[in-house]
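Working notes for the structure below.
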């Protein structure tokens, strides 16, 4: 039985990658297209003046984007993790691994994650677990990677669509609180592409969580992936569940939203998307499916070159936004239009204030 469970887990990991790559050929809207930055025609800064440094859970990093959690737990995904680690090392950006549950249950799979630290010994690496993982096992996940931080992914929609997924969730908050108190490294609680509302963030903040990844809709759709894995495809009505990245970011502009650090991910396609997310308060911006898609279609060298170009393009966008650094960018006026504006109005977000901030 254990061997069958292990094989099922490995197959699921490979299917996640294959289906995720297929999805990234044509991504769903992330609502970021409804956000417009108001720039300047007389910039105060030169490109060389721009400072892209930021912090993730208290760690200073030179660039405001990172490789988000996606994979690990099979022979095939070991190779992908190795290439992602090489990208992270060469581009000097943080990296999170995919859920380590497979390796915690089957020690023969530990190397599919550990390869990341071997290739990138000095980089910032985030371990990744579910709230289902007991504390001692979670500490093993951190040790496995000599991780600098711990991602705890919350994914009820994915679990419910997954035939072999979890069906009990009421203990998650207590488990998360325990990790926040006892983890030897900082904790980030992240969604997996269904987005966090400000109410969810407030609930997490109430138990001591100090950093979240809003992880909205628009990138890899795990409801669709799990539904595609089912023979009956019985949950096709749930494929649009959740809130988009833009909606999650706008929701955090509400006057009653908790004042904690947040990251953004989900459907990030280019440097302009990164700048929009940073302008709406994110400290850094994560990408997973798009990077793996680039790896598959363009190869390792081209993917590294693309991300290096993004750094220069980010500096150009900061100049156009008249912002020397991320702190200044967070005061840049923004126009919210289209469906996102309608959504924000119903959620009582002061869009006029956003449009006229200084």
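Here the Cβ of each residue, glycine as well, is placed from N, Cα and C on the backbone.
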According to Swiss-Prot, which candidate in 122, 128, 155, 325 joins 69, 70, 71, 99, 190, 220, 267, 268, 269, 288, 289 at the FMN site:
128
Maximum Cα-Cα separation in Å among residues 69, 70, 71, 99, 128, 190, 220, 267, 268, 269, 288, 289, which the record lists as binding FMN:
23
DSSP three-state assignment (helix, strand or coil) for residue 128 (FMN binding site):
strand
Pop the Cα-Cα gap between residue 288 (FMN binding site) and residue 158 (substrate binding site) into the table, whole Å please.
17
Could you find out if DSSP has residue 69 (FMN binding site) as helix, strand or coil?
coil
What does the structure give for the C-alpha distance between residue 128 (FMN binding site) and residue 159 (Mg(2+) binding site)? Integer Å is fine.
16
